[in-house]
Structure formats: structure tokens, C-alpha cells
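Enquirer: What follows is a structure written as C-alpha cells; I'll ask about it next.
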Amino acid sequence: MINNLKTFILLASLTALLVVIGGLLGGSTGMLVALLFAGIMNFSAYWYSDTLVLKMYNAEPLSNNHFVYHIVSELAHRAGTSVPKVYLINNSTPNAFATGRNPENASIAVTTGLLDRLTQEEITGVLAHELAHVIHRDTLINVVSATIAGAISGIANMFMWLSMFGHNSNNEEGVHPVVGMIMMIVAPLAAGLIQMAISRSREFEADAGGARISGNPQWLASALLKLDQANHEQYFDEAETHPATAHLFIINPLNGEKLANLFSTHPSTAERVARLRAMY
């Protein structure tokens, strides 16, 4: 219920932001166009954002005979929830995420690198963590916030170009360069804050929930240490291309030295591991 309310607030905020920008660009006509655009975007964010994210990462569905599907199925039955669809991302960087608007329409995606680097027990710990996100209904707000963060970044880029090429000396049309500069600075910060505020506390709850589902918190603790090390050693190219989706993953896939990772979307791995080890 709380996450549904958060989703409504995020969609309403996106609508308000677009309407304000539409007013700045085109007056009352711009506001109407922006309102229509926001309605389409909100509809798409709710119904299709999960499909879009899976396509971003070229995720392919796994068959019901794959051992990962069997693990997910067993965990779901143990937790008393619907069995999510399972997808595989062909990338050597080990990571995973869950998406979907509700438990009945959820999906879990893992990379080939995760299957190559982790033991079956560690894989079970990761899958239980992602299933906990599904049960807690984090997946809808996570994927909607990714859409909003991406939209904010796109709007910032639009203002940058308009401020550079759309302004004339009489200020009769176009966007004033100062407005463009403000949007260029504020919008990415707002996007980062949205992601950080939503995901950090939810990761702790999913860690604890996943540990209870799997029955062994040490499996996830061990997996997190391996995933953290691997993600510092190599780039996840698709994630670098789509930084607004970083908070979906169990471990932040972005390069820590980049400005795109100025705001941490995840708690520290050390703190997460310490909490898991203290559970039992």
C-alpha cells in the first residue's frame, strides 16, 4: 500500500514537472501538450516499464527446465507467492534485478557472470533477495522511478540544447541560458535523490526478507562480497549506458569513480553483510 502511494506521488510529480516545463517552453499550449505527454508516459511507465528495462539489457527468458528457474520456483512456493518469470542477461559482470508491477507479473533477471562466479547456494541467496523485492512490491516503484530518473535526465539534456541554440538576443523565443544551466545542474541531482531515497532502505529489507526465504543469510552475505568485488573489477556496459536503472540491481553496477555515481543508490556492501551475519 505504501509503495503504491509512493508510485502515485512519483507519477504525479513527473506530471507536474513536465507541465511546468511545457509552460516555460510554450505557454498554455505547451502545458496542454506536456499534460498529454505525461499521461502517455505515466500509462507506459505503469504497464510497460518492466518490459522496457528487460529489453534495455537484451534479457532472454529462461526455460522452465533451467536450474535457476527451479530455484526461483522452489523459493516462491516456500514464500507462498507467484513464481516470477526468469530472464538471463548475456554479460560477464555478475548482477541481478527484479521488475514488474506486482507479484503476479514479476520477472527476475540474472547475468551469465552471476551464474559463472557464484555457487548454487550463493545464487539461491541472490534469487531470494530479488524475490523479497517482488513480495514487498518494491519492483513497481523501482522501475517507475527509473523511468522518472531517465525522464529528468532527458529533460535536462533538452534544456541544455535549447539554451545553447534556442535563445536569441531579444529573448523573444527559446530558453534563457541561465534557465538551461539551472536545469542542467538541478535535474540530475533530483534524479539521483529520487533513486537514493527509494532504494537504500529497501535493500536492507530485501536482504533480511531474502535471508528468511532462503533459510541461510550467509549465502547472500557471501554472494554480496563476490558481487561487490567483481563490479569494482569490470564495467557493466549496458548499465553505464542506462544509469537511471542502477538502483534496480542487487549491487550498484556503475563505476564508482564516475559522476553518474555521485549519489549512492545502495547501502555499503560491508554494512549489508554485517547485518546479514548478525541475523543468526
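Easy rule for this one: first residue shown is 1, then count along the chain.
Placement of Cβ uses the backbone N, Cα and C atoms for every residue, glycine included.
Not my notes, these are from Swiss-Prot:
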type     : residues               : note
ACT_SITE : Glu130                 : active site
BINDING  : His129, His133, Glu203 : Zn(2+) binding site
TRANSMEM : 7-26                   : transmembrane segment
TRANSMEM : 30-49                  : transmembrane segment
TRANSMEM : 146-166                : transmembrane segment
TRANSMEM : 178-198                : transmembrane segment
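Each of these features: where is it, how hidden is it, and who are its neighbours?
Expert: In the three-state DSSP reading, Glu130 (active site) counts as helix.
Annotation note: Glu203 (Zn(2+) binding site) sits in a helical segment as assigned by DSSP.
Remote same-chain residues near the transmembrane segment (30-49) are listed as 7, 11, 14-15, 18-19, 21-24, 99, 101, 140, 143-144, 146-148, 151 (criterion: CB distance under 8 Å, separation of at least six residues from the stretch ends).
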Enquirer: Which of the listed recorded positions (Glu130, Glu203) has the least company, meaning the fewest other Cβ atoms within 10 Å of its Cβ?
Expert: Glu203
Enquirer: I want to check the contact list for His129 (Zn(2+) binding site): same chain, sequence separation of six or more, C-beta distance under 8 angstroms. What comes out?
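Expert: Those within reach of His129 (Zn(2+) binding site), by Cβ under 8 Å and sequence separation of 6 or more, are Ala206, Asp207, Gly209, Gly210, Leu220, Ile250.
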